[in-house]
Amino acid sequence: MNYEAEQPGANDDASGVAVALELARVLAKRKPAATIVFAAVAGEEQGLLGAQFMAQTFKNASVNVEGMLNVDLVGSSVGSRGEKEPNTVRLFCQGPPLTETPAQASQRLSIGGENDSPARQLGRFITEVAANKFTDMRVAMIYRLDRFLRGGDHRPFLEAGYAAVRFTEPNENFDHQHQDTRVEDGVQYGDLPEFLDYEYIARVAKVDLAAMWSLANAPAKVNNVRVNGTWLSNDSQLFWDPVNSTNLAGYEVVWRPTDAPLWTHALFVGDVRTATVELSKDNVIFGVRSVGKNGYKSPVTIPFPT
């Protein structure tokens, strides 16, 4: 591209900024239980500069960030070949955390937890709370940091140890992305407003709103979840640290087959610190989440062996 010429960025990423501005307006007079921060950061194309500064600012101040939602390129549901998916948004979710030590990564692999990073738990949480008849959207979880060999502003948050994911439209049109505005062989190039689908952007905004509101009003994630690794039994014994919240109603133990993308079962066990489930830890992935008196639930935390 000609870096000396002004170029529009209607989709990349005025669409995401528009979502943030509209949701900030909608929520301005409401009071979530936790703080929701809306931000439009600069310098993404120059090396994720704004996002790096923001993530490090939070980390240096020891801010508890329950989740970061990067909304980037959500302006159109029509791809380069004319394919249309007006009710789908992609959600990119990183696998094993970028901050894990070799020993931590080895333990994760030994228990089959490579698909259960904090980012993927955030992705499952978003899918559960935001893919419904009210948003009229399907959230397509992609098990990858970002599009193939590409990146975005959520990466610095992952590198800082936070759960972070990226929303992106289902099919990109590269005639309208990273292009000088021009007409060539009868084809209009450039990231122009005329190529946006505003109803699609509104549906993506509903997905984001459902996710962030649910996250902000749920009790905090459960920490230090363990499973008894020395007990030879077909039952599974789980332990966890208590969540300090006046909104806490109790905890749910969840599980799914090892090859299932989403949680398939949930068992409310009350306000306790341990639970024994009549299932073998060999055959399923377990997790624990907090449940609020208001009905909101936290993202899941998987157990590691004692």
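Placed from the backbone N, Cα and C atoms, the Cβ positions cover glycine too.
Taken from Swiss-Prot, the feature Zn(2+) 2 binding site covers Asp12, Glu45. What Swiss-Prot lists as Zn(2+) 1 binding site is Asp12, Asp72, and the listing cites similarity to another entry. Under the heading domain 'Fibronectin type-III', Swiss-Prot lists 218-306, citing sequence analysis as support. Positions annotated as N-linked glycosylation site by Swiss-Prot, on the basis of sequence analysis: Asn60, Asn228, Asn234, Asn244. Among the features that Swiss-Prot reports, signal peptide is placed at 1-28, with the record citing sequence analysis.
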**Complete:** Cα nearest Asp72 (Zn(2+) 1 binding site) among recorded positions (Asp12, Asn60, Asn228, Asn234) -> Asp12
**Prompt:** Counting by DSSP, what is the helix, strand and coil composition of the domain 'Fibronectin type-III' (218-306)?
**Reply:** 0 helix, 39 strand, 50 coil
**Item:** Winner by Cβ contact number (other Cβ atoms within 10 Å) across the glycosylation sites Asn60, Asn228, Asn234, Asn244
**Value:** Asn228
**Asked** Here are the binding-site residues: Asp12, Glu45, Asp72. Which has the lowest count of other Cβ atoms within 10 Å?
**Response** Glu45
**Message:** When you rank Asp12, Glu45, Asn60, Asn234, Asn244 by Cα distance to Asn228 (N-linked glycosylation site), which of the recorded positions ends up on top as the closest?
**Reply:** Asn234
**Of the glycosylation sites listed as Asn60, Asn234, Asn244, the one whose CA lies nearest the CA of Glu45 (Zn(2+) 2 binding site)** = Asn60
**Residue pair Asp12 (Zn(2+) 2 binding site), Asn60 (N-linked glycosylation site) - Cα distance, angstrom, rounded** = 29
**Message:** Roughly how many Å lie between the Cα atoms of Asn244 (N-linked glycosylation site) and Asn60 (N-linked glycosylation site), rounded to a whole value?
**Reply:** 23
**Item:** Secondary structure of Asn60 (N-linked glycosylation site) (DSSP, helix/strand/coil)
**Value:** helix
